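I have placed the structure first, in the form of structure tokens, so that the comments after it can refer back to it.
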Amino acid sequence: MFANSSANTTSTNSSVLQCPDYRDTHRLHMVVYSLVLATGLPLNALALWVFLRVLRVHSVVSVYMCNLAASDLLFTLSLPLRLSYYAQHHWPFPGFLCQTSGAIFQMNMYGSCLFLMLINVDRYAAIVHPLRLRHLRRPRVARRLCLGVWALILLFAVPAARVHSPSHCTYKNITVRLCFESFSDELWKGRLLPLLLLAEILGFLLPLAAVVYSSGRVFWTLARPDATQSQRRRKTVRLLLANLIIFLLCFVPYNSTLAVYGLLRANLVKNSIQDRDQVRGVLMIMVLLAGANCVLDPLVYYFSAEGFRNTLRNLGAPLNTRPLATNGAAGVLTELPSESTQNTGQDATSQVLLQPATLGTPPDNCSQDSAL
């Protein structure tokens with residue numbers, strides 16, 4: 001209850017609004033985020049360790065997955081702050097931590113959308129245009145694209161942090177600090193709505209369009225009668241389907257509801273207080289789905305990357321029975337091959353790309369990039 005935070009509050013003044021009753025929402029968030037923290041933190045920490053220490057992140061898709069795991073791990077590390085707030089119904093920490101925590105959530109959500117987009121686009125380039133776009137499928141290019149994604153989400157994190165300053169309300173003659181909620185109408189009508197719409201376009205709509213288009217083209221190409229039939233093809237399809245499911249389950253519901261809520265709060269659509277409250281109630285559930293993406297992403301690594309899966313299996317094997325570790329360049333994460341089905345010449349080139357790279361192959365060689 002709000003009264004639990006009395007030790008951290010100050011006396012009120014008449015200009016402070018009465019606190020809305022968010023206790024039921026806070027309890028729900030505390031339960032779900034506790035589960036996300038308990039599962040997402042070890043899973044993503046383990047995934048990051050496997051990518052960096054065991055597989056050495058030599059292939060293009062593993063570069064993207066490594067950065068996705070880093071983004072998810074950063075979000076899970078911020079969850080204890082949220083859990084403390086939801087338990088006390090009051091923000092007991094300095095204001096900049098509220099701003100930082102709110103910005104990290106936005107960074108993770110839009111960063112995840114962009115990294116998943118890069119994974120899908122890489123599969124599109126490998127399967128639909130293996131010759132024309134092979135110059136883009138190099139680890140060096142992948143690392144630069146990931147740096148660009150981090151730069152973009154950090155750029156948006158600055159205004160996101162500014163709008164996440166704690167707000168104040170009163171409960172039984174004490175002042176309570178709210179975080180992540182109760183943005184004022186003036187803020188929505190000012191800089192918050194334009195920032196939201198820009199982030200939705202660059203961080204959600206464009207990645208969603210790219211994921212849907214690239215997945216559709218890959219599925220169409222692999223469904224042709226002359227397509228290469230292989231287990232690797234099925235694993236490629238499985239990876240793209242997993243990315244689509246994450247988008248449709250985690251990101252589409254939240255971002256769609258958030259856009260509607262923003263339009264209502266900015267009074268761009270005629271509405272009543274009851275309409276706002278109903279949409280906000282839906283939004284508070286959808287935000288939990290968005291946060292759950294950091295639990296689903298490690299499952300994608302496990303079921304779509306054979307090298308990742310074998311590494312986890314070997315962790316439990318006796319030391320003298322474990323296979324020799326590879327350097328990430330040969331035989332590692334080899335299930336997302338470049339399969340060409342456009343013509344005989346392209347198919348021959350694609351089959352060359354399917355071969356594991358030799359230990360002497362330079363890291364930026366395209367044959368090395370063909371494997372995840």
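The backbone N, Cα and C atoms fix where each Cβ goes, glycine too.
As recorded in Swiss-Prot, the features of this protein are as follows:
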DISULFID  Cys98-Cys179  disulfide bond
CARBOHYD  Asn4  N-linked glycosylation site
CARBOHYD  Asn8  N-linked glycosylation site
CARBOHYD  Asn13  N-linked glycosylation site
CARBOHYD  Asn173  N-linked glycosylation site
TOPO_DOM  1-30  topological domain 'Extracellular'
TOPO_DOM  52-59  topological domain 'Cytoplasmic'
TOPO_DOM  81-100  topological domain 'Extracellular'
TOPO_DOM  122-140  topological domain 'Cytoplasmic'
TOPO_DOM  162-191  topological domain 'Extracellular'
TOPO_DOM  213-243  topological domain 'Cytoplasmic'
TOPO_DOM  265-280  topological domain 'Extracellular'
TOPO_DOM  302-372  topological domain 'Cytoplasmic'
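Overlay of Swiss-Prot feature records on the structure.
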residue : record                      : DSSP (3 states)
Cys98   : disulfide bond              : helix
Asn173  : N-linked glycosylation site : coil
Cys179  : disulfide bond              : coil
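Helix first, then strand, then coil: DSSP counts for the topological domain 'Cytoplasmic' (52-59) stand at 3 helix, 0 strand, 5 coil. For the topological domain 'Cytoplasmic' (122-140), residue counts in helix, strand and coil come to 11 helix, 0 strand, 8 coil, using DSSP. Between the CA atoms of Cys98 (disulfide bond) and Asn173 (N-linked glycosylation site) there is a gap of 23 Å. Its Cβ taken as reference, Cys98 (disulfide bond) is surrounded by 23 other Cβ atoms within 10 Å in the chains shown. For Cys179 (disulfide bond), the same-chain residues lying six or more positions away in sequence with a CB closer than 8 A to its CB are Tyr85, Trp91, Cys98, Ser101, Gly102, His164, Pro166.
Around the Cβ of Asn173 (N-linked glycosylation site), a 10 Å sphere holds 9 further Cβ atoms from the protein chains shown. Residues 183, 185, 188-189, 193, 257 of the same chain lie 6 or more positions beyond the ends of the topological domain 'Extracellular' (265-280) yet place their CB under 8 Å from a CB of it.
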